[in-house]
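Asks: There's a structure below that I have some questions on.
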Amino acid sequence: MKLNIALLPGDGIGPDVVEQAVKSLQAVADAFGHTFHFEEALVGAVAIDKTGDPLPEETLEVCRRSHAVLFGAIGDPKYDNDPKAKVRPEQGLLKLRKSLGLFTNIRPVKAYPTLIEKSPLKKEIISGTDFTIYRELTGGIYFGEKKLSENGTVASDLCEYSEAEIERIAHLAFKAARSRRNKLTLVDKANVLETSRLWRRVVTAIGKSYPDVELDFLFVDNAAMQIILNPGQFDVILTENMFGDIISDEGSVIGGSIGLLASASVGSDNAMFEPIHGSYPQAKGKDIANPVASILSAAMLLEHFNLKEEAEAVKNAVEKSLEKGVVTPDLDKDSKFGTNKVGDFIADFILHAEDTTQVNKENIEFGQSTII
Ligand code: IPM
Ligand code: MG
């Protein structure tokens with residue numbers, strides 16, 4: 001298969017981790033006989049610095065003419081600490097999602113058996129956790145009208161949803177539940193918000209066409225509690241933009257590091273793959289950022305194009321790295337492996353998996369084959 005992939009490394013550790021995902025994709029191309037063509041473009045604070053615009057038109061064109069987008073991270077403290085900043089890096093990401101029509105954000109949350117001890121939560125609580133969040137991505141309070149009174153003392157953000165916006169993501173979530181364990185939980189705040197009541201009505205009606213999927217409802221405050229009390233109860237969670245943003249960060253704690261969570265943002269014509277973590281500017285260029293979320297995002301990209309065996313190869317390589325302790329310091333503070341070495345190990349394992357029985361952590365030689 002020939003794929004044109006737009007690379008948008010963005011800010012902070014974005015370039016560090018995207019580089020590793022590209023290594024994995026290249027390894028897949030070599031191992032399975034595909035051709036992936038990469039084209040890099042600017043987004044975020046780096047784009048503001050160079051062009052004044054967090055999402056230059058040229059970047060949007062590169063994305064539009066590509067089959068998929070691989071995104072790094074966005075955000076820079078120089079904007080976070082300036083409430084008066086007119087242009088913000090995050091606007092680039094939001095505009096990108098909206099312009100490409102990426103209305104569904106899919107965020108899988110999994111407790112890796114090899115990492116179970118790393119989670120701040122108790123092993124018996126998180127063991128076996130495997131759920132996926134379907135977060136609406138182009139509507140709600142993120143995109144509603146924003147107002148600030150002239151004297152700057154009163155502000156508002158409108159949260160608005162239409163039936164059509166709810167329907168299209170609900171179908172995807174029901175279908176996902178069907179291919180998993182047949183359970184869908186709608187997370188909302190229907191005891192308070194009109195938009196949530198609309199979500200309940202629309203999702204309940206659609207549920208009639210999926211009688212094999214068990215549908216239940218949770219208020220978001222309760223859901224936030226249940227996710228850390230009993231995460232094993234969830235299969236697919238469907239929710240609106242803002243709630244999805246919050247509970248997916250919460251979900252990342254289960255896996256032991258936010259550096260592990262990948263995501264896919266899909267629409268009718270485009271798809272973008274990105275880690276859920278932020279730009280972690282303190283770690284930029286220090287070779288300590290965890291590249292796994294970015295690499296797993298690349299695996300989701302492969303899955304999106306139905307390259308299942310290829311995606312499995314990437315996921316297996318990631319699991320092997322976790323199992324062998326070839327991990328960045330967020331997962332093992334004594335680890336001597338950095339972003340690059342972890343990326344090399346995973347790419348190498350994709351290429352040479354069949355040769356592997358054992359990794360000698362002491363004598364590991366990167367750069368040639370990492371497998372000994
Ligand atoms: C995410 C991020 C973004 C969001 C920010 C960077 C705008 O937190 O992808 O979860 O809020 O959607
Ligand atoms: Mg977020």
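Glycine residues also receive a Cβ, built from the backbone N, Cα and C atoms like all the rest.
Take a look at what TrEMBL says about it:
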DOMAIN    4-346  domain 'Isopropylmalate dehydrogenase-like'
BINDING   R97, R107, R135, D221  substrate binding site
SITE      Y142  site 'Important for catalysis'
SITE      K189  site 'Important for catalysis'
BINDING   D221, D245, D249  Mg(2+) binding site
Asks: Between the two most separated Cα atoms in R97, R107, R135, D221, the residues recorded as binding substrate, what distance in Å do you get?
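Replies: Maximum Cα-Cα distance: 27 Å.
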Asks: Output: those recorded positions from R107, Y142, D245, D249 whose CB lies less than 6 Å from an atom of ligand 1, in sequence order; none if no residue fits.
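Replies: The ones that qualify, in sequence order, are D245.
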Asks: CB neighbours of K189 (site 'Important for catalysis') within 10 A?
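Replies: Summing over all protein chains shown, K189 (site 'Important for catalysis') has 20 other Cβ atoms within 10 Å.
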Asks: Nearest by CA distance to D245 (Mg(2+) binding site): which of the recorded positions is it, out of R97, R107, R135, Y142?
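Replies: Among R97, R107, R135, Y142, R135.
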Asks: Output: those recorded positions from R97, R107, R135, K189, D221, D245 whose CB lies less than 6 Å from an atom of ligand 2, in sequence order; none if no residue fits.
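Replies: D245, by Cβ distance under 6 Å.
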Asks: Taking the mean position of the Cβ atoms of D221, D245, D249 as the Mg(2+) site, which residues outside that list, in the same chain, have a Cβ no more than 8 Å away, listed in sequence order?
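Replies: Sorted by sequence, the hits are V220, A224, M242, F243, G244, I246, I247, S248, E250.
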Asks: Counting across all protein chains shown, how many other Cβ atoms sit within 10 Å of the Cβ of R107 (substrate binding site)?
Replies: 24
Asks: Just going by other Cβ atoms within 10 Å, which of the binding-site residues R97, R135 has the emptiest spot?
Replies: R97
